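See below for the structure under consideration.
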Amino acid sequence: MATKLILFLIHVALINFIAKLVNTVVPDPYMDEIFHIPQAQKYCEGNYHEWDPKLTTPPGFHLVHSVNFCSIEFLRATNILFSIGLYIVFWKILAYLHPYQNPKTRAFNAFVLTLFPVNWFYNFLYYTDSGSTFFILWSYLLALKRKFWMSAMVSGVGVFFRQTNIGWVCFIIGVSIIDVLSDKNFSSKHFIGILKPAKNENIRFGIVIQEIFNFILIIIRNLVELMIIFFPYILVILSFISFIIWNGGIVLGDKANHIAVLHFPQIFYFISFVFFFAISVVLKFKHIKRITCSIMSRHITKTIMLLLPLMILMAFLIYNYTHEHPFLLSDNRHYTFYIWKNIYRRHDAIKYILIPCYIVAGWILWNPLASKQPFIWIMVYIAATCITLVPSPLLEFRYFIIPYYIYRLNVKQPSMERLIVELLIYACINYKTLSLFLWNGFIWENESDRIQRFMW
C-alpha cells in the first residue's frame, strides 16, 4: 500500500510540474485546441447552441466544466485529473487480471503505464484522448467486476467523448459474454451449456473454425438471457445507431476530411506501433533464437511457402487499401509526416518489403497474449481493433492508445527488471518529445506570427 501511495504521489507531482511548464511555454491554444477550447468556453458561458464545424467528436469533453473554470490552464487541467484517475484504474485492472503479481510490482506497473508516451503527451493539452481512454478503461474494469449497468453508463460517456469508442463498447460486451459463458458457477444457473474456450499459442485452423462456431452457437442458444444481462450495453449501441441516423454518418463537423474508408494497412501500422512500445515486455530470447534458426534452417523454403498465402493477402490489402490522407502528406508538425516521408514514401517497394517485419512482429505479439487469453477473446480484441482503426483514412497514433493499453494489460505481465527497462524507454521518449514540443519550434512562412511545434 505504501508503494502504491508513493508512486501515486510521484505521478501527481510529475504531471503537475510538466503541466505548469507546458502552460508557461505554450500559453495559447495550439493545434486542435484552437477548436476545442473556444467550444468549451462557449458552453461555460451557457451558449449550447453554437458548434464549431471543425470539431469531429461529440461534445462530452466540452460539457465537464463550469463557468468559473474555463481558462486555458483550467481546461487543460481536466486531463491531469483523468491521468490521475487512470493510474487508479490501471492498478485495479492489474489486480483483477493478475492477482498473483507482487503488489509492489503491480503499483510500479501501473505507474509505468501512465507514462506511455503517446497518452502521456496529450495529458498536457486540451484534447479528448485522456478522458476517452479513462472512461473506456474504467468501463472495462467495471465489466471485469460484472457491474454491467455501471460499466455501460461509463462506456456511454466514453462514446460521448469520442464516437469511435463504440468499437470498444463492443469489445467489452464480447469479452464479458465470454466471461459469463465460461464461468461454470454462473453458467449453470443462467445458461444452457458452458463455453470452453481453447487457449493455445499454436492453435490450428480447424480449431479456429470450431471455436468461432461454438461461440456463435452458444450465444444463439442463450440469446434471450444474454440480452437481459447486457441490456444496458444494448441501450448504448441503440443510442449510437440513432446518432448515426440523425447525423447522417459517424463524423460530426468536418466530414469532408474524415470520410470513412477501408484502410486495412492500419492494422499493420498498429502491429508495428505495439511492438515498438512493448518490446521490453514481449520480446524474449526464445523469439530471437527461433527466428535465427528459421532463417538458417534448410527448411526456410518450406517456411516461406507456408507463409506465402498470408504475404500475398497482405500485399493485396496494401496495394488496394493504402490511403495517404492530405493531412499526413502536408502537416509537418506530426511525427507521422516524417515516418511516412522517410520510410513509406522512400520507394514504392518499401510498403511490401516490410511485410515480413509485420508478420514477425505480429507473431511475437501473439505469443504473450495467447498464453494468457483464450483464442476467442483474442478474436474479439482483433475485431474491435479493426472496427476502430480500419475505417479511418488518417494514420494517427492517438487512435492506437486504447487498443495498445488493452493489449498491454492482458498479456503476461513483465518482471520488475523488464518494467524498469520499459520505464527508461518511456522516460527517454517523453523527455525527447516534450523537449521538441516546448523548445524546438519552427515558423511557417504563411504564419510568421505563430510558432509551430512537433507533436505526436
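Note that the numbers count up from 1, one per residue, in the order the chain is shown.
Cβ coordinates are placed from backbone N, Cα and C, and glycine is handled just like the others.
Copied over from TrEMBL, here are the features:
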- 6-26: transmembrane segment (TRANSMEM)
- 80-100: transmembrane segment (TRANSMEM)
- 165-182: transmembrane segment (TRANSMEM)
- 202-220: transmembrane segment (TRANSMEM)
- 227-246: transmembrane segment (TRANSMEM)
- 266-283: transmembrane segment (TRANSMEM)
- 304-322: transmembrane segment (TRANSMEM)
- 349-366: transmembrane segment (TRANSMEM)
- 378-407: transmembrane segment (TRANSMEM)
- 419-443: transmembrane segment (TRANSMEM)
Tertiary contacts of the transmembrane segment (378-407), as residues 6+ beyond its ends and Cβ separation under 8 Å: 113, 116, 118-119, 122, 127, 129, 132-133, 136-137, 140, 164-168, 170-171, 174-175, 178, 211-212, 250, 258-264, 266-267, 269-270, 273-274, 277-278, 323, 325, 327-328, 335-336, 340, 365-366, 369-370, 456
Candidates 6-26, 165-182, 419-443; stretch with most C-beta pairs under 8 Å toward the transmembrane segment (266-283): 419-443
The transmembrane segment (227-246) versus listed stretches 6-26, 165-182, 419-443: most Cβ pairs under 8 Å: 165-182
Chain residues outside the transmembrane segment (6-26) and at least six past its termini with a C-beta under 8 angstroms from it: 72-73, 76-77, 80, 83-84, 87-88, 107-108, 110-111, 114, 123-125, 434, 437-439, 453
Remote residues contacting the transmembrane segment (165-182) - C-beta distance under 8 A, at least 6 residues beyond either end: 132, 135-136, 139-140, 143-144, 146, 148, 151-152, 155-156, 158-159, 190-191, 194-197, 215, 218-219, 222, 226, 229-230, 233, 236-237, 240, 374, 376-377, 380-381, 383-385, 387-388, 402, 406
